[in-house]
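One structure is given here, and the rest of the page talks about it.
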Amino acid sequence: MWAWALLPVFLAVFGTVGLWAVYAIAVSNNSVNITIEFPYISTCGAYTPQSCLFAQICNICCVLALWIVVIRFQQIRDLGRSSHLNTAGLVLGFISSIGISILGNFQQTIIQEVHLLGALMAFFLGLAYFWIQAFITYFSPPSRDNKWLVPVRFVLCSQCTCMVICMFVLHSTGFRSAAAICEWILVMCFFALFGVFAAEFRHIDFHKLTVQKEGLKVANNDNVVWTVQDVQ
C-alpha cells in the first residue's frame, strides 16, 4: 500500500516547515537578532509565542517518529532479517524520539539541563539509529531501491556525523553562529533521512498491531486449561 510512504514524507515536510516557521516568527518579533548572530533552533523556540508552536511541533514529530520506528522494525522482521541490530535500532529509535519531545517541552531558558539531555538523546542516539538503518540496508539482499538507498543513507549519515562534530567544536570555541548553522543542517538531514523511509514503506501491503491478549478459560472435567487468543 503506497499510502504508508506518505507517513515519513509527512514527518519530513511537517518538521521542516514547522521549524522554519518558528524561526520566521522569532525573527519577526525580535526574539532573536540575526544581525548579531544566527540563532540555534532551541533559541528560536525558547520565547513566547513561538515556544508553544515549537513544543507542539516537537510533540507531533515525536509521535510520528515513534510510529515510523515501530513500522520499520516490523518491516525488517517480516522480511526475515530479524537480528540484534534491528532490535538495537528499535531501542535507539524509541529513546531518540522521546528526546525530541523532551527538548521541545523543556526550553533552554527554563530548565537547560533537561533540555540538553533531550538534545543529546535526539541527536546522538538518533544518529546511531540512522547509522544502524544504513548498515541494515547495506547488508540487505540487492534490490532496485537499495542501489540508491545505500549511498544516500551513508552520505546523509556521514554529513550528520560531520555536523555534530563541527557543531560542538565551533560552539566550544566561541563560533556560535557557525555552530547554529551546523545544527540547522543536521536537523534538516535528519528529516531527509526520515523521508527516505518512503522508498521502503511504499512496499508495505498491510500493517497490523496486536494491542491485547485475552486468556480464555476452558473447563475440561476437573482440569482447567488456559488458552491464549489474539484480540486485534
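A Cβ is built for glycine as well, from the same backbone N, Cα and C atoms used for every other residue.
Remember, it's a predicted structure, so these values are computed and weren't measured experimentally.
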Per the topological domain annotation in Swiss-Prot, are E37 and R202 located on the same side of the membrane? no
Cβ contacts of N33 (N-linked glycosylation site) (under 8 Å, same chain, 6 or more positions away): none
Given a Cβ distance threshold of under 8 angstroms, which distant residues of the chain, six or more beyond its ends, lie next to the transmembrane segment (7-27)? 34, 39, 41, 43-45, 47, 49-50, 53-54, 57, 60-61, 64-65, 67-68, 71, 187-188, 191-192, 194-198, 201
Among 51-71, 84-104, 178-198, which stretch has the most Cβ pairs under 8 Å to the transmembrane segment (116-136)? 84-104
PLDDT averaged over the residues of the topological domain 'Extracellular' (28-50): 90
Going by C-beta under 8 A and a gap of 6 or more residues, the same-chain neighbours of N29 (N-linked glycosylation site) are P49, Q50
